[in-house]
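Notes to accompany the following structure.
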Amino acid sequence: MSQQVIIFDTTLRDGEQALQASLSAKEKLQIALALERMGVDVMEVGFPVSSPGDFESVQTIARTIKNSRVCALARCVEKDIDVAAQALKVADAFRIHTFIATSPMHIATKLRSTLDEVIERAVYMVKRARNYTDDVEFSCEDAGRTPVDDLARVVEAAINAGARTINIPDTVGYTMPFEFAGIISGLYERVPNIDKAIISVHTHDDLGIAVGNSLAAVHAGARQVEGAMNGIGERAGNCALEEVIMAIKVRKDIMNVHTNINHHEIWRTSQTVSQICNMPIPANKAIVGSGAFAHSSGIHQDGVLKNRENYEIMTPESIGLNQIQLNLTSRSGRAAVKHRMEEMGYKDTDYNMDHLYDAFLKLADKKGQVFDYDLEALAFINKQQEEPEHFRLDYFSVQSGSSDIATASVKLACGEEIKAEAANGNGPVDAIYQAINRITGYDVELVKYDLNAKGQGKDALGQVDIVVNHHGRRFHGVGLATDIVESSAKAMVHVLNNIWRAAEVEKELQRKAQNKENNKETV
């Protein structure tokens, strides 16, 4: 009987580090729910000590997720571990993941310490984490460049201290697959208590072999793989979990292991991460790219028509990618829209039916026919904007001709007040943004503007993703409409609402801090 490989997802921690703007707590929760639906065993959802916002999002996810183990990262520092436990304690069960560097380079130049001191610190911090939970994971940062004898000493000590999972990261993506497999085999040969822990691997894609390294490690005995959906992450990214999962499934003949992932949810989860993180998936991306199951060669097309297995080692259906079909029109009622969402596997709690149906009717009136991908875009891109809005786009118009100069008029609801402004700009989008900024008075610098089509043909929805800089912080916004200028305006309004909410959160934190200080003085 094959053994299980635990899937540890770090999209919301290591993956998020690649984004130009941090995700909101609600966006993180949306991704966490998608990962839970896909069946990941463990999800690492943040680094609570890093900021109040990260603490809040970890706490929210820990309170909500029931079918996956929620994990938070902590350095081998007392405060890190204590704060992680504080954020996670609302969960029925949780994991603390603590780490320290073990390579000679990191020990000498970063930690300015010795291997013996590193081992002593690791043991102390694993024991401290065990005071909060019996599920403690310990990582040897830069294990790929750590001599295996040194690594074995650290691993043995961490297991004796109570770590149930030992993670071996190729932190800088330096190791070759045969080398990495050798490290795992070497640990099994050298560590006498290794049977008391699960060996995990965490690989990076700097040389394009993160997935290869993870699979080689599994073949050598690792039983947990860490990675991120779509391979997002620092520098060149993390190990792409969807690739590892499907490689294990397709090549079960030689891997002789399995995962508990619902692989029919892979495509939808990948799309959710792509849309929320504003990271388009390359067409030639393995497993989830738009061209992953496309056949253009005449010879290949002929072979596939005769027998799909001639050129397909897996099917689109195996990852949940079914043939896109016509579903709904403006004459469809709420029940029909709800039924189609149920057919696609969504529950009532996954989206707001009132918002979805209103948006559906507007879109159906414009384009006549609404497809599955339209519904998902309306449900889950617009969902990010369902929180109470201080700013709302009431009206806009743009005049432009053959010259570069355009004029925009905008009405914006600011709380209970409607304000209007007009402005010129270098094109219609710039004019809209100038007018909006005049109304709000916010000093924002546009640092990224992306336009992507959601759907097919001339009636496709246009999704605009923007990132702005505001007083040293970056904020992300998204807008969706059949008109690009309208999408752009909605994206900017979304950004401004995110800035406004961040300011309100800061005010609330200051108020709580002041109340705490006042209570101290009273005592």
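Just so it is clear, glycine is given a Cβ too, placed from its N, Cα and C backbone atoms.
According to Swiss-Prot, the protein carries these features:
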type	residues	note
DOMAIN	5-267	domain 'Pyruvate carboxyltransferase'
BINDING	D14, H202, H204, N238	Mn(2+) binding site
REGION	392-523	region 'Regulatory domain'
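The binding-site residues listed here are D14, H204, N238; among them, N238 has the most other Cβ atoms within 10 Å of its own Cβ.
Long-range Cβ contacts of H202 (Mn(2+) binding site) within its own chain (separation 6+, distance under 8 Å): T10, S139, N167, I168, P169, D170, T171, E226, G227, N238, C239. Here the region 'Regulatory domain' (392-523) has, by DSSP, the following mix of helix, strand and coil residues: 52 helix, 58 strand, 22 coil. Surrounding the centroid of the Cβ atoms of D14, H202, H204, N238, where the record places Mn(2+), the chain contributes additional residues within 8 Å, namely T10, P169, T171, T203, A210, E226, G227, A228, G233, E234, G237, C239.
Secondary structure at H202 (Mn(2+) binding site), as computed by DSSP, is strand.
In the three-state DSSP reading, N238 (Mn(2+) binding site) counts as strand.
Model confidence over the domain 'Pyruvate carboxyltransferase' (5-267) is summarised by a mean pLDDT of 96.
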